[in-house]
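Each remark here refers to the structure printed beneath this line.
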């Protein structure tokens with residue numbers, strides 16, 4: 001509560017302080033006004049500190065009262081509970097006497113038995129100092145009773161008038177009880193009060209009234225406080241009537257009087273017993289306790305306590321001893337007077353000192369506030385300029401990257417068209433070099449553009465149907481020349497459990513793989529680079545994956561970093577078991593884990609924490625030696641996050657690195673018929689029907705490398721078996737279980753023993769199995785293999801060399817050339833080109849693009865197939881050209897144009913056609929195809945929504961162009 005109150009005061013002070021600075025800095029008021037405000041501030045906080053002092057003192061007083069009340073009520077409860085225990089025991093003794101004394105003849109109880117029993121059960125009556133039983137004796141029974149007891153009934157009121165000291169007490173000196181209707185002499189007593197035996201309880205005025213009231217009510221009755229016989233201490237007597245056993249529970253007072261046998265009483269030495277109970281409490285010394293009998297409110301009787309002065313506060317707790325006629329109270333007060341409220345004093349003084357300090361700060365800063373505010377304004381202006389410069393930088397990068405990419409697309413398109421012309425070998429090499437350089441520049445521009453998009457938060461993913469194995473083949477082809485030049489073995493493997501088709505962003509997935517493999521190629525000069533793709537669920541259950549980090553089971557002889565450490569820190573793997581949140585119950589979601597393993601230089605340990613920081617490299621020498629911008633890994637991390645995955649790495653200096661990331665895609669096999677999902681073009685189709693049913697043997701002593709070779713060959717529809725050496729291969733061929741069409745031998749086996757290889761070659765030629773199997777040597781580099789192969793075999797039919805990395809398309813081409821198999825896909829491409837010529841010949845097509853280079857590229861691509869092309873540069877010109885009636889058969893429209901984009905132009909063209917169709921019988925609908933490089937789901941949906949009929953990518957590809965235009969133009 002105090003903290004909230006202080007925060008509120010401090011907050012108000014801060015607001016005043018800020019307004020103070022603003023007004024002073026702008027000089028809106030005079031200093032004299034601030035002096036008055038300062039005096040008002042000091043006076044106000046002085047009043048507040050005094051109020052706080054009073055308030056906290058009052059709170060301390062109330063708390064002290066509550067503490068006293070709690071302590072007093074606790075003591076009253078203890079005394080009352082103990083008294084009730086003693087009272088219940090005395091009442092139980094009355095039943096005992098009625099049963100075993102009056103109801104038995106002869107009696108089972110005498111003085112000795114009673115004294116022994118009461119002494120042994122004294123612990124059950126902690127407040128009683130003694131118990132006695134007085135029998136009821138009528139006047140006519142007195143003489144016989146006295147003879148029977150051997151003593152005379154004594155009188156009590158003599159002691160009340162002339163009290164004696166306890167040491168001078170003698171029952172023989174007491175006078176006989178006067179003659180009366182009945183008597184109540186004590187016959188049994190506890191040893192502690194055995195001196196009351198033979199004393200008549202009805203001869204004393206106070207005792208007589210209590211005895212008579214007890215037998216009429218049937219309840220316990222208390223006497224007023226009085227000095228006890230012999231002990232001369234202040235006490236009370238609790239009396240219960242002892243009735244005959246057959247007394248009903250609802251008896252009247254007269255019936256109770258007639259059924260009375262006697263009276264049992266318990267003597268309570270209040271002073272000593274209350275003192276004993278209070279001694280049990282640890283805080284006894286801090287509280288003064290007084291017990292009063294307040295039956296007579298005007299003259300209360302003190303039963304316990306003293307008149308020692310103490311605290312002024314007094315708390316009264318009511319005591320209920322079971323007798324409604326008698327009233328008792330416990331009065332409590334602290335022994336010590338209340339201390340000074342130092343907390344309240346120090347708090348109020350502290351607040352006042354703080355207020356004075358704040359006022360002093362106000363006064364001191366009056367002359368400096370203008371300068372401070374001016375500096376603040378200048379600093380805010382500099383901050384705004386810095387932020388604006390940062391935004392301008394990002395916008396500049398995005399704009400320049402886009403503007404550079406536009407003419408580069410034109411350059412690449414023209415190069416593509418140039419390759420279709422008649423060029424000699426040298427010219428073709430020049431064009432290919434220019435294309436590769438242009439692609440490298442576009443790749444660099446795309447990285448800068450991606451980084452700008454990441455900073456703006458505008459990076460989005462596509463949802464496209466694609467073949468992940470073809471994507472991996474393309475990346476292997478991209479780095480094949482570099483890996484062969486370095487002599488580094490490059491390989492890839494995709495698990496059979498990964499679906500053939502997935503839905504996701506293939507371009508971004510390729511970008512991640514390219515970045516990781518590009519880094520591996522840069523820093524690896526020996527050994528291997530190995531890319532693997534598995535389902536996440538396989539990580540735990542596949543021993544092959546877990547054991548890949550062992551040196552003996554790697555792709556080459558070189559050890560690698562432990563791949564398990566690269567995903568050990570993934571959060572999802574630590575949730576609910578090893579698979580964590582990747583274990584999806586939905587069959588639509590495919591959770592992939594991709595690893596890129598190399599045996600390069602590794603990452604220095606001091607540079608590993610900064611590896612994903614943009615524009616950061618492991619050292620300044622890295623950029624000088626290997627080049628690069630240092631943003632590839634940071635972009636990859638962002639892309640992995642957009643794919644709902646994580647990325648990590650494990651690296652050992654001088655050993656190598658393993659980068660692992662996860663990504664979530666949708667199963668394309670379940671959604672391949674969905675027309676709303678676009679499909680990327682030129683997806684390679686590795687499964688060739690011309691190889692279906694063939695059998696192949698792979699000879700490789702390394703299981704991992706054999707598994708990779710088997711994976712690529714099986715994609716062509718070939719049945720594959722693996723053996724570890726040439727002898728096993730000959731044994732398998734000689735068994736003749738199946739015709740072996742080809743044998744693929746790793747260079748490690750072929751060049752290990754030239755004599756064995758020569759013997760194997762000659763043995764395969766002598767087999768009586770029809771045509772011998774074709775031999776293929778799998779090598780990492782073709783530069784030094786021809787001479788070795790010739791030295792092993794001198795036959796004209798030498799084994800065919802296949803250079804790694806293996807890809808389905810390259811492998812199929814090599815097998816087709818060696819086995820004289822016709823490539824049906826080449827024939828299909830020729831048919832597409834021929835069909836496009838028939839479809840587009842003589843067609844009048846309108847091209848709409850604001851960029852002249854793009855118009856020229858598009859026009860050249862269409863004119864190649866015989867189309868008549870008309871070009872315009874804006875959406876408004878397109879509307880004018882396509883206003884019915886017109887002669888155009890189709891329109892290729894760019895999406896991004898100034899003034900009016902392709903979407904708006906298409907909407908207006910469709911509106912014109914709709915209005916025209918309502919007036920004439922001819923139905924106008926010109927096919928409009930969008931020209932875009934952004935083939936994403938959102939763009940495709942927007943194209944259809946505004947009235948377009950499809951889209952083609954820039955630059956044009958023959959197969960895609962044929963697929964789109966054949967939907968609108970009948971084949972001639």
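In case you wondered, yes, glycine gets a Cβ from its N, Cα and C as well.
Heads up, TrEMBL stuff is auto-annotated, nobody curated it.
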From 38-58, 59-79, the residue range that TrEMBL assigns the feature transmembrane segment: 38-58
Tell me, how many other CB atoms lie within 10 A of the CB of residue 746 (4-aspartylphosphate), whichever protein chain they belong to? 21
Per DSSP, how many helix, strand and coil residues does the domain 'Response regulatory' (695-819) have? 58 helix, 25 strand, 42 coil
Residue 894 (4-aspartylphosphate) versus residue 746 (4-aspartylphosphate) - Cα distance in angstrom: 51
Validating a neighbour-count step here. Other CB atoms within 10 A of the CB of residue 894 (4-aspartylphosphate): how many? 24
Within the domain 'Response regulatory' (844-969), how many residues are helix, strand or coil going by DSSP? 55 helix, 24 strand, 47 coil
